[in-house]
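Student: From Swiss-Prot, here are the annotated features:
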type	residues	note
BINDING	27-31, His92, Arg125, 176-180, 207-212	ATP binding site
DOMAIN	24-254	domain 'Phosphagen kinase C-terminal'
Amino acid sequence: MSLDKIMNEAISPWMKGDGPDSDIVLSSRIRLARNFKQYQFSTMQNEEEAQKVQELFKKKFINKAVEPFGKFGLLKMNELTPLQRRVLVEKHLISPNLAGTEYGACLLSESEHISVMLNEEDHIRIQCLFPGLQLSKALQSANQIDNWIEKEVEYAFDESLGYITSCPTNVGTGLRASVMIHLPGLVLTKRISRIIQVIQKLGLVVRGIYGEGSEALGNIFQVSNQMTLGKSEEDIIADLKSVMQQIIQQEKLARELIVQNSSIELEDKVYRSYGILANSRLIQSAEAATCLSDVRLGIDLGYIKGISRNILTELMVLTQPGILQQYAGGPLGPEERDYRRATLIRERLRIEKN
């Protein structure tokens, strides 16, 4: 695994595929939180203990192949520049919390759909990402990695409570399941607030594209479970999947309603946004996200032909500030970023059309 490859290829291999309900669901993620019995938790540990966790992983797991995932490499946060850390966050490979630690690290698969974060809020956080609505498949992969690690270490586990974690909401299975979903129909019909209220009443959490505290740029929302204690992994997955299927149905109905009642207005909105993306010389990230959402909706509804629906996911990542600066080879001012963002989008659309 090459750091240059990770940094210079903004789109992870798993992002290029499709999955069930990919017209609305962009990705499914499973995260398992675990702690080692022999060490203090990350929130309490000192530098020496944090380094011991890193050394344990370096000795036991680096460059070891796990079928069918291949080999894993180790990225240490204190060996990366702030810009490189930001790129990893923008690619959804690590959390903003891990990027801010000096003694954190990430065990990463070659396909980049599996990462194991070390010394974040817990000793390890196993993350698996899949395109579309594939929670069960993601859980299966996460459990394979979990079993692989558990052969070499003893987890902090209580017979009554389950896995012991730093945050009480993760105690139990330690499982956080989440789905990234594109909901322009519900936003345009002004039904999104009511839907979010219903989701929250069901014990789920709705966040923006980069998790807690982030905005829902481009009409992309992240829906996840909140509590894990007292529920099995299978029940958590089944509950979230059931809610997601209802949201998918509501989004489809909203899109149908717009097409029936406001077809010309919607088509105009889609093509105006396409025109902005195809011709702008300067574009800010928020405007780019809005226009990309409109174009993706136009592709899904058949208004725009000859452009891959994955363009939303791809360009939402490619046009983030960190990745733009990584491509530029160094820091960029706001206007320089807006110029490069617009240039990259125009070029990507031109290639797609040809």
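Yeah, the Cβs are placed from backbone N, Cα and C, and that goes for glycine too.
Keep in mind that what you see is a predicted model, and the values were worked out from it rather than measured.
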Student: Can you tell me whether DSSP puts Ser178 (ATP binding site) in helix, strand or coil?
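Tutor: Assignment for Ser178 (ATP binding site) reads strand.
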Student: Would you count the other C-beta atoms found within 10 angstroms of the C-beta of Arg207 (ATP binding site) for me?
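Tutor: Result for Arg207 (ATP binding site): 17 neighbouring Cβ atoms inside 10 Å.
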